[in-house]
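Trainee: I have a structure here, written as structure tokens, and I will follow up with some questions on it.
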Amino acid sequence: MLRSWRRGLWNYRSIVLIILSPLLLLPLPLVIGTKEAECAFVLLLMAVYWVTEAIPLSMTAMLPAILFPMFGIMNSSSVAKEYFKDFHFLLMGVICLATSIEKWGLHQRMALRLVTVVGVNPAWLMLGFMSSCAFLSMWVHNTSAVTMMMPIVDAVLQQILKANDGGCAGEDNPDLQLDVHSIHSRKEKLPQKHPPLSGCQRRRDLMMCKAMCIGIAYSSNIGGIATLPGTSPNLIFSEIYPNCNCINFGNWLLLCLPISVIMLLLSYSFIHSFIHSFIHSFIHSFPLSSSQEIFTGVVFFVMVLLWLTRSPGFIPGWASLFPHSHSGYITDATVALLLGLLFFIVPAYGPSRKYEAMISWKEFQASMPWKVALLVGGGFALAEGTKESGLSLWVAELLTPLGDLPVLATITVACIIVTTLTEVASNAATITIFLPILSPLAEAIHVNPLYVLIPATLCTSFSFLLPVSNPPNAVVFAYGHISVIDMVKAGLGVNVIGVLAVLLAVATWGVPLFALDKYPDWAPVLPNFNSTAP
């Protein structure tokens, strides 16, 4: 009854917010009436709707397609082109791979294999699960990585608690073997909040549950930042400057993989010391590899290899073998889409059975995050609209005085603001709002835009405080082992670790990797700027 009353109250507030927000912003287009003001009206209205989620995020992303033609900022055809770009092909190819990985159980083998390597020591087992989830989230969506991992982790926890309830570890399950069938049965059901477990009534078992679950939630975000297709903010950022050829899979991995490793180890140490977990666990058996698993693993390996060697930078990559490759005709999306197409062609079984492809369109469609695709498209349209209307130039001129500050101070402030906002707004929406603001800021103070945008993009993924901050947190919270206050306490420390790790990276090995100490040719040069040296 109380829940339905709260839901009705929230719906009422949403309706009021939907109506009042444009009314309060109307003076911008009606009183000021410039193209910059009209574009600012669209930007602010989308920001309000995105932060509050008064209407679905993907539908808010469609507002530029409606309002830009009405205000005469861009015609409808030009806006429509912004909604499907190279990013979407990369996303589709990666989702094809992720669908096959999940369908044929390769994710379970990868996770359990890594956990087996680290052993059964309490501390090492927790690190093994975190490393497994972080590795998976490098290649699939963070939510998918958590959804894949949590049934395994939950099965492990249940077996441990069952053994503890039996009087001594291993009495009910002498070999402490993991029941693989329980993983599959849990995976088929949505996570439900479990009733209080007798084993968790003891502090040791309760802390063990908290440590494992918080570690999984955080490691998915930590691993996702390491690759361009790992998170939506990374992909959105990669399209902000189309003429910038220095952002590719290999360079991004060189910059961000050390950040992920540093964050993973420090976060693990922080969580482990924070809740003092004592885990006694196990990994035992798993079925033999199937031909479908092997094929998926081979495609996975080939995709990563081709991404890394397409255009390494220090030597010519394989893309240089094709005509016009020097102009960037071949991208990481080309590789992902080509290999993703194989999953719809290669038969899953031998000639003795009826033909069935590795994945079907229905399975792909169920895995494809269309909401993210529309949200990203709306961000591209918004960014293009700020350029066409002159709003980005106006913001750049307004922010020019910041050139008197040390650039690292400006970056730190931007990171803190973005990290704070992303706790209450979606990661993709947050970076979509800030990219059109931060890019003219960098241009205004004549600093390499990557120096500002890369740390801001990475910090957008640091939403660790609340279950509602991002879907992975919500999935883990739904299993009922942790409370909101547990997540807040641990998340504050991990947020600090993340921001410091990012600042360290861009101030050290990031400078030679992306030439951050030089203003690039592909960035616009604004008149009357204040120069700030890194």
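From the backbone N, Cα and C atoms, a Cβ is placed for every residue, glycine too.
From TrEMBL, for reference:
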type     : residues : note
TRANSMEM : 47-71    : transmembrane segment
TRANSMEM : 83-101   : transmembrane segment
TRANSMEM : 121-140  : transmembrane segment
TRANSMEM : 211-229  : transmembrane segment
TRANSMEM : 249-271  : transmembrane segment
TRANSMEM : 292-309  : transmembrane segment
TRANSMEM : 329-349  : transmembrane segment
TRANSMEM : 407-438  : transmembrane segment
TRANSMEM : 490-516  : transmembrane segment
Trainee: What parts of the chain pack near the transmembrane segment (329-349), using Cβ distances under 8 Å and only residues at least 6 beyond its ends?
Mentor: 86-87, 89-90, 92-97, 99-100, 228-229, 248-249, 292, 295, 299, 302-303, 306-307, 310, 319, 322, 355-361, 364
Trainee: So, taking each listed stretch (47-71, 83-101, 211-229, 407-438, 490-516) in turn and counting its Cβ pairs to the transmembrane segment (292-309) that are under 8 angstroms, which one gives the highest count?
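Mentor: Between the candidates 47-71, 83-101, 211-229, 407-438, 490-516, the best contact partner of the transmembrane segment (292-309) is 83-101.
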Trainee: Excluding the flanking five residues on each side, which residues at least 6 beyond the ends of the transmembrane segment (407-438) place their CB within less than 8 Å of a CB in that stretch?
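Mentor: For the transmembrane segment (407-438), the nonlocal Cβ contacts are 43, 46-47, 50-51, 53, 57, 231-233, 236-237, 240, 372, 375-376, 378-379, 382-383, 386, 391-392, 395, 445, 447, 449, 451-453, 455-457, 459-466, 468-470, 495, 498-499, 502-503, 506-507, 532-534.
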